[in-house]
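**Student:** Here it is, the structure, as structure tokens.
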Amino acid sequence: MGNSFSCRRRPAKLRPNMPILQVRVFGLGQSGKQSIVGFLKNGKPCLDRSLDNENMDMQWITHKNVKMLFWVSEQAIDKEIANETVGVRALIYVVDGSDPSRLPLARDHLHYQLKNATGTPHLLILLNKCDNPSFVFLEEAHDALDLDKVSDRHVRIYACSAATGEGIREGLDWLCSKFYINKGIYISRKGTTS
């Protein structure tokens, strides 16, 4: 008759619940949204096309002690989701940087979504496929997307590659730096610097 506690595990140290930063990831079809979220989730490039069929519309990701809930939306359902962004504090817009002919369509889509979004969440633009030889310059994409007209929120554009992981973490670093925790919730940092 041994001690009844001898085989029990010591309880794990409990920590208070981490606040959750809700992020909406959107963009035109074939821009690389799923691949970028897959990279952030797994920590390595994930270009498996079978992932498009999996349920990846919601993913939990932790980056530098920031727990985030990513909502990935396809272009076909963006109109329905645009008005349901009440809890979303940040937006990630993924653009195919290897196809300059689609930049005007991407611009129209972006500005439509920003016009219909609730509040003014911070905007991170990931110009994907920078490893492609036909990749556009950041300045060209900035001008083509009319980012100078977006003055009501923090905006930053990063070149990235879902195939190599280049630039993705740097973009997320910038996004996470725009928030701080106060009384268990994420608060946007104020200021005009981007």
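Each residue, glycine too, has its Cβ placed from N, Cα and C.
As annotated in TrEMBL:
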type	residues	note
BINDING	N128, K129, C130, D131	GTP binding site
**Student:** Taking the Cβ of D131 (GTP binding site) as the centre, how many other Cβ atoms fall within a 10 Å radius?
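**Tutor:** D131 (GTP binding site) is surrounded by 15 other Cβ atoms within 10 Å.
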**Student:** Count, for each of the binding-site residues N128, K129, C130, the other C-beta atoms lying within 10 angstroms of its own C-beta, and report the residue with the smallest count.
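**Tutor:** It is C130 that, of the binding-site residues N128, K129, C130, has the fewest other Cβ atoms within 10 Å.
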**Student:** Within 8 Å of the Cβ centre of N128, K129, C130, D131, which other residues of the chain have their Cβ, at the recorded GTP site?
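**Tutor:** What remains near the Cβ centre is G32, G97, S98, L127, N132, F135, A159, C160, S161, A162, A163, E166.
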